[in-house]
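Here's the structure we're looking at; comments come further down.
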Amino acid sequence: MQFIDRAEIEVEGGKGGDGIVAFRREKYVPAGGPAGGNGGKGGSVIFVATQNLQTLLDFQYSRYFKADDGKRGGPNNCTGANGSDRIIKVPCGTVVYDLDSEEIIGDLVTPEQTLIVAAGGKGGLGNRHFLSNNNRAPEYALPGLEGEKRHLRLELKLLAEVGIIGLPNAGKSTLISAVSSARPKIADYPFTTLIPNLGVVRKPTGDGTVFADIPGLIEGAHLGIGLGHEFLRHIERTRLLIHLVSLTSEDPIADYQIIQGELAAYGRGLEKRSQILVFNKIDAVDEETIDNYQKQFAKITNAEILTISAVTGAGLTTLLAKVWQQLEQLERVEDETPSLFS
């Protein structure tokens, strides 16, 4: 499946139905009063978040969505039928922007969350509405109003608690396949992963936590070089990052600093996101090499360093225990943080 995480579309609410001019025409009532009904309301275009979609691919083929118009009013003061709403499913994590104002209209995070993106127009008033002491037989009515029209940009930001970051070939896809049921494409060359891979990892309690392997992070990613500019924003929703460093790289320290620099350059607080620093591929180097790199890293960071082999499974139990501990601490801090609205 092709992964599409950005789309531009047009949406339009339905037009309100017209009010009508009509008079009572009953037997024995030769001069009946006004009886023109109001028009029905136009339908609205409504987004509904769903967990059954993981991409905005559908919007590559359909870019215009319109709700039904309201029906015109009827005689005998009958109001026209309302137009049907146009319901559009979008993935959880979709952010909706108005392209004309560049304002965020909404952020659809939870399943079944709804957002009206184009309201339907009001129905026009029939001549019955204009009856007054001064005008006992109004011969005019109002047309329905046009529905709201909008040009939208949709951006999908993956909903994952834990993001796995690192340079290409650091072993991110191998790690996510080792700890979850995800089966991403894996090969021994850079840029194997061209889309974010999601995997659900089970806690000891049985609850699932979503991990995301974030691809495309290279030097200059925040400027749009490589794939990074498209994927850095997926990190924004994560609560915890696993920073994977391959010990078979020519310069693991430079690799680490490149990623840290890209997070800082992108901004939005990514450089302050909680991280677990992990040496990967310890099965491919000797103990002396591991020890030397631990000493070198200790000079540039105070972070605790975990060591794993995503291939053999060495150290994965310790890593996951650390992840659960960190997430629990983050939840405790968030619970203790006073709300601005309390």
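Any Cβ shown, glycine's included, is placed from N, Cα and C.
Features of the protein shown, as given by Swiss-Prot:
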type	residues	note
DOMAIN	1-159	domain 'Obg'
DOMAIN	160-328	domain 'OBG-type G'
BINDING	166-173, 191-195, 213-216, 280-283, 309-311	GTP binding site
BINDING	Ser173, Thr193	Mg(2+) binding site
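The average pLDDT computed for the domain 'OBG-type G' (160-328) is 82. Ser173 (Mg(2+) binding site) sits 11 Å from Gly166 (GTP binding site), taking the Cα positions as reference. In this structure, the binding-site residues Lys172, Lys281 were compared by how many other Cβ atoms lie within 10 Å of their Cβ, and the smallest count belongs to Lys281. Neighbour density for Asn169 (GTP binding site): within 10 A of its CB lie 20 other CB atoms from the protein chains shown. Lys281 (GTP binding site) falls outside any helix or strand according to DSSP and counts as coil. The number of other Cβ atoms within 10 Å of the Cβ belonging to Ser309 (GTP binding site), over all protein chains shown, comes to 21. Residue density at Pro215 (GTP binding site): 28 other Cβ atoms are found within 10 A of its Cβ, drawing on all protein chains shown.
Ser173 (Mg(2+) binding site) is surrounded by 23 other CB atoms, counting those within 10 A of its CB over all protein chains shown.
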